[in-house]
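One structure is given below, encoded as structure tokens.
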Amino acid sequence: MVSGDVGVVVYYLLLVLVVVQGCKGSSAVQGEGRWYNESEAIGGAAAWGNAKATWYGQPNGAGAADNGGACGFKKVNQYPFMGMTSCGNQPLYKGGKGCGSCYRVRCNRNPACSGNAQTVAITDMNYFPLSQYHFDLSGIAFGRLAKPGRADDLRRAGIIDVQFARVPCEFPGLKVGFHVEEGSSPVYLAVLVEYENGDGDVAQVDLKEAGAGGGRWTPMRESWGSVWRLDSNHRLRAPFSIRIRSDSGKTLVAPDVIPLNWTPNTFYRSFVQYSS
């Protein structure tokens, strides 16, 4: 077999791996949501870049079987994500700091493409990139790029060329939320941060204790995805205030968001949100 034939075989084996395995498994989808600002892009007018797109999971699924993937977000098939999610390779996932960021994606080179842009959020890691920027979309998000009645035709293409642009996220009716992760204890706290308007991502999280420890912000460490943790040498004193900083440097403080009687595996919604 000549080298050219070997290259073709390797390409199609990779295609099968990406399309069939993708990031993870699948989950059901219910309805539609709108949680982005389609009138503007981060930094001004939309700057469209080129990327490859594939899809994974079920044809009408939200992607990850565990409802979250490498970012840790829960129930991405429900509001506000409504299954419009994507795995991103490293330039998009950014080692977890890209989790929650929003992108407009469109395609027009395949006959089944509508050319209409759809917005997806980065909720998982793409381990098999095919280009510098690679969106491994949920089945439903990939299908939304197609003309009416052509979603299955587009999915059968497997790999398509797309254009993308970063846009602000908007989560109508939601405040920034903090999910205290399983395994948290009086000396260890891990929280998942989600639903941030604007950048949508988190670059740094700090915690302030009550009582004697109050008044001093302690940096938390990124554990994985959008989960941040604090390993303490003393019993942490609740309630906890949390300060988050976005990739663009915007800060937001959620005072006493985690109460005195907090418990692991519990979601706590704040009363604060980034302005649109």
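Placement of Cβ uses the backbone N, Cα and C atoms for every residue, glycine included.
The signal peptide feature in Swiss-Prot is assigned to 1-25; the stated evidence is sequence analysis.
Here Swiss-Prot flags N37 as N-linked glycosylation site, drawing on sequence analysis.
Marked as domain 'Expansin-like EG45' by Swiss-Prot: 68-174.
Look at Swiss-Prot and you will find C71-C99 (among others) tagged as disulfide bond, backed by sequence analysis. C71 (disulfide bond) falls within a helix when secondary structure is assigned with DSSP. Less than 8 angstroms from the CB of C71 (disulfide bond) sit G96, C99, G100, I122, T123, D124, M125, G225, S226, each of them six or more residues away in the same chain.
According to Swiss-Prot, the feature disulfide bond maps to C102-C169 (among others), an assignment based on sequence analysis. With a 10 A radius on its CB, C102 (disulfide bond) counts 27 other CB atoms from all the protein chains.
Look at Swiss-Prot and you will find C107-C113 (among others) tagged as disulfide bond. DSSP assigns C113 (disulfide bond) to a strand.
What Swiss-Prot records for 187-270 is domain 'Expansin-like CBD', and it gives sequence analysis as the kind of evidence.
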Rounded to the nearest angstrom, how far is the Cα of C169 (disulfide bond) from the Cα of C107 (disulfide bond)?
21
Pairwise CA distance, C113 (disulfide bond) versus C102 (disulfide bond), rounded so that it is a whole Å:
21
Should C169 (disulfide bond) be counted as helix, strand, or coil on the basis of DSSP?
strand
